[in-house]
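> This is the structure I have questions about; it appears just below.
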Amino acid sequence: MAREKCFLNLSSDESSESSDALLPEKDDHLDLLDSSSAIQTKPGWKAMPYILANESIEKMATYGLTTNFMVYLVREYHMDQVSAANILNIWTCGYSLLTIVGASVADIYLGKFLTIALASLATLVGMVTITLTAFVPQLRPPPCFIDGQQHLKHCISNTKTQLGFLLVGLSWLAIGTGGIRPCSIPFGIDQFDSTTVEGRKSIHSYFNWYYTSSTVVMLINQTLVIYIQDSVSWAWGFSIPTLLMSCAIALFLAGSQIYHHLKPEGSTYVSFAQVLVAAYKKRHLKLHDNERVLGVFSDVSLDGNVVLSKLPLAAQLSSLKKAALVVDDDLKDDGSCANPWRLCSIQQVEEVICFMKILPIWASGGICFMTYAQEGTFVVSQALKMDRHIGPNFQMPAGSIKMMSLISLCICLPFYDRVLQPALKKITKHENGITTLQRIGLGYLFSILFAAVAGLVEQQRRASALSHASADGVAPMSLFWLFPQLMLLGLFELFGVVGHIELYNKEFPEKMRSIANSLIYLCVAGGTYLSTLVVSIVYRVTGKHGQPNWLGNDINAGRLDYFYFLIAALGVLNFVYFWSCARGYTYNYKANVNAVETIQTDILV
């Protein structure tokens, strides 16, 4: 019976494949569980005050430090805008890439809790280092001075030591951010029991409330924190986020006895490599469709414990399943696998297939996140050439225009979670109202509408500015004309961004969720650099033969509206690609739920 534990039993209602190898049959019931194991009780919402409050404070701290950082580099370090922008872009790219390292460390070695704790300490070290540059005058260049005779402003650039100290702080901050970002969401999900309907509903609500808290934090940073940094002092503006980060670490550690801790299960990358190597070695074997044979595939957990995220047998990439075919001397006498580079479990194979299935969906996010990148660039350019007065004595800073999309998101997320989703559930009979891919598709449509509406508004703004021909080129149009496009951008975040987060966390098994969340940040980074590429191409191609450059410095002379329409057209093509990928996609989490419910019934019986 020891050898039989390694075989997968295919029931009569499942599609299966068989090999030409003659294999021993096993009992009707494959016990994926250790009979002495019980489904652990998870804390659920009991742990959320610690986790969500920690996430909110941590984001307020890190975003509060970096939201206005370009202004700090220009004003205090006397950098030109290109150098300052390059430093921030390198930092953003660095922590985006480090999310893969942080996710791998969490899933393979340390676990999510310990990774978040250590990464938080690294973040705190980085924040203290950067805060010191604002407190200690010797760590930054001296203030600029005015030449009394020539009335010129003279500034001394930073020294290598001053720049090096600043970069050390940013490096520690990137290391910490790379460890926290991919682990925070899956660690929260680990606290819920995904084997129950209530647990799955709670996970869905957790995604929404997680993003709501992040949005509120961004709104506070866009107003209060930036005001302190600009109007009070940089030292206080950096000290407050640093103090908040210390509180976030203490709060996170306070809940350590409540959290459910999922143990790491070894290297995912080695497991992937073993599947590919084993499938190649057994490439000569055949899989026959529509045949139902017992004992074909190896299917045993590494530790014999409960498998809560057991993936279903997928129809795609079936050739990889040859890696799990048991032939010849693949098994030892005790039933264990003799060579993991020749025989893998069917779950190892399905994890590889799961990753490959999601890659096309992930790739579609690049163009949509490219649309999202316009909020901090050309939307601000539009705001600079519009009437930004709110009342007779107050003028909104152009950089605070993001508040409009954040406010709409803060309103729409709770409304969707508490009102719209339950209403959709009654109509569609789906436990979440709509499927995850439908949610992502709606987000893509909103991103297309954003670009189209932005182009139409820009046409009106440009025509108004040219007709009035004011000296500063400002059109007599209220800044609030930008609200419709920014509201659509907020809806893209609600459906598209949160949809991606939900898809990765539901489809990947527990041991891969941190790595799955790193895909989100790679998608954001890819969209940002794709935006840079498209802008560079448009800037080089347009503006020839006497025609205005679409993206010239003077947007009244340029054709920013044409650029928005180009983004909308790319979005339409991307939506068609996404639709073609999504229509043939089969969800893993539905089968996981059915499998676990069957296992629980067997235990009770």
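Cβ atoms are placed via backbone N, Cα and C, with glycine included.
TrEMBL does not curate its annotations; it predicts them automatically.
So TrEMBL lists these for the protein:
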| type | residues | note |
| --- | --- | --- |
| TRANSMEM | 88-110 | transmembrane segment |
| TRANSMEM | 116-136 | transmembrane segment |
| TRANSMEM | 209-228 | transmembrane segment |
| TRANSMEM | 234-254 | transmembrane segment |
| TRANSMEM | 352-374 | transmembrane segment |
| TRANSMEM | 394-416 | transmembrane segment |
| TRANSMEM | 437-457 | transmembrane segment |
| TRANSMEM | 477-498 | transmembrane segment |
| TRANSMEM | 519-542 | transmembrane segment |
| TRANSMEM | 562-580 | transmembrane segment |
> What stretch of 88-110, 209-228, 352-374, 477-498 shows the most Cβ pairs under 8 Å to the transmembrane segment (394-416)?
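If we count Cβ pairs closer than 8 Å to the transmembrane segment (394-416), 477-498 scores highest.
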> Are the transmembrane segment (352-374) and the transmembrane segment (88-110) close, by which I mean at least 3 Cβ pairs under 8 Å that are 6+ residues apart in sequence?
no
> In the same chain, who gets a Cβ under 8 Å from the transmembrane segment (234-254) while lying at least 6 residues past its ends?
50-51, 53-54, 57-58, 60-62, 64-65, 68, 72, 76, 116-117, 120-121, 123-124, 127-128, 130-131, 134-135, 225, 228
> Of the listed stretches 88-110, 116-136, 209-228, 437-457, which one has the most C-beta pairs under 8 A with the transmembrane segment (519-542)?
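Answer is 88-110, with the largest number of Cβ pairs below 8 Å.
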> Counting only CB pairs under 8 A, let me know which of 88-110, 116-136, 209-228, 437-457, 562-580 has the most with the transmembrane segment (477-498).
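Maximum Cβ contact count belongs to 437-457.
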